[in-house]
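Visitor: Pasting a structure here, questions to come.
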Amino acid sequence: MGKSQSKLSQDQLQDLVRSTRFDKKELQQWYKGFFKDCPSGHLNKSEFQKIYKQFFPFGDPSAFAEYVFNVFDADKNGYIDFKEFICALSVTSRGELNDKLIWAFQLYDLDNNGLISYDEMLRIVDAIYKMVGSMVKLPEDEDTPEKRVNKIFNMMDKNKDGQLTLEEFCEGSKRDPTIVSALSLYDGLV
């Protein structure tokens, strides 16, 4: 993507129509908004964290925003360009449940080894708890990140090896109504 393009080329537009769940008009609107907010055509980690802070003013979303940024930044160059942004937005807002679960798995799999360790899950859940702050009243069996992660691993880690495969994560998530509802949070919003 060029730095100061005001419109997507026809080739770029066709490519994005094929790889997202947005139509041409929506893509052009998102593109315009992206460049209005990011005139350089790139969003860096600190800018991304500032955006999250606006949505979670009563907590500290910086760690969680960093984890999300790392999944959005598909080519790992330290910036999110429009294509990376719109592809991730497409999955999180309009994707099928399985697509969302794969995306969420990538979020939790911090070292990208194809497994989610207890520690990786704990780091993400801890970041989520810090982000929501005191806004959410949690049940007693989930009122600390450790309790929540223990509950998740007890439910999902079928072979009890201390790590979750993609299959274990997807199957377990589908059985947990709180995970399914969290993954459906943005449905229909964009």
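We count from 1, first residue shown onward.
Even glycines carry a Cβ here, placed using N, Cα and C.
Heads up, here are the entries from Swiss-Prot:
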- Asp73, Asp75, Asn77, Tyr79, Glu84: Ca(2+) 1 binding site (BINDING)
- Asp109, Asp111, Asn113, Glu120: Ca(2+) 2 binding site (BINDING)
- Asp157, Asn159, Asp161, Gln163, Glu168: Ca(2+) 3 binding site (BINDING)
- 40-58: domain 'EF-hand 1' (DOMAIN)
- 60-95: domain 'EF-hand 2' (DOMAIN)
- 96-131: domain 'EF-hand 3' (DOMAIN)
- 144-179: domain 'EF-hand 4' (DOMAIN)
- Gly2: N-myristoyl glycine (LIPID)
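Show me how these features fit into the structure around them.
Guide: There are 10 other CB atoms within 10 A of the CB of Asp75 (Ca(2+) 1 binding site), with all protein chains counted.
In sequence order, the list of same-chain residues 6 or more apart from Asn113 (Ca(2+) 2 binding site) whose Cβ falls under 8 Å from its Cβ is empty.
Neighbour list (Asp157 (Ca(2+) 3 binding site), Cβ cut-off 8 Å, at least 6 residues apart, same chain): Gln163, Leu164, Glu168.
Secondary structure of the domain 'EF-hand 2' (60-95) per DSSP (helix as H, G, I; strand as E, B; remaining residues coil): 24 helix, 3 strand, 9 coil.
On the 0 to 100 pLDDT scale, the model's mean across the domain 'EF-hand 3' (96-131) is 95.
Within the chain, the domain 'EF-hand 4' (144-179) has long-range Cβ neighbours (under 8 A, six or more residues past its boundaries) at 97-98, 101-102, 104-105, 108, 114-118, 121-122, 125-126, 128-129, 138.
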Visitor: Can you grab the distance from Asp109 (Ca(2+) 2 binding site) over to Tyr79 (Ca(2+) 1 binding site)? Cα atoms, rounded to a whole Å.
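Guide: Spelling it out, the Cα of Asp109 (Ca(2+) 2 binding site) and the Cα of Tyr79 (Ca(2+) 1 binding site) are 20 Å apart.
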Visitor: Pop the Cα-Cα gap between Glu120 (Ca(2+) 2 binding site) and Asp161 (Ca(2+) 3 binding site) into the table, whole Å please.
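Guide: Computed Cα spacing between Asp161 (Ca(2+) 3 binding site) and Glu120 (Ca(2+) 2 binding site) is 14 Å.
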Visitor: Provide, as an integer number of angstrom, the distance between the C-alpha atoms of Asn159 (Ca(2+) 3 binding site) and Glu120 (Ca(2+) 2 binding site).
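Guide: Between the Cα atoms of Asn159 (Ca(2+) 3 binding site) and Glu120 (Ca(2+) 2 binding site), the distance comes to 18 Å.
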Visitor: Residues near the Ca(2+) 2 site, Asp109, Asp111, Asn113, Glu120 excluded, by Cβ within 8 Å of the Cβ center?
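Guide: Not counting the recorded site residues, we get Tyr108, Leu110, Asn112, Gly114, Leu115, Ile116, Ser117.
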Visitor: When DSSP is mapped onto helix/strand/coil, what comes out for Asp111 (Ca(2+) 2 binding site)?
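Guide: The three-state answer is coil.
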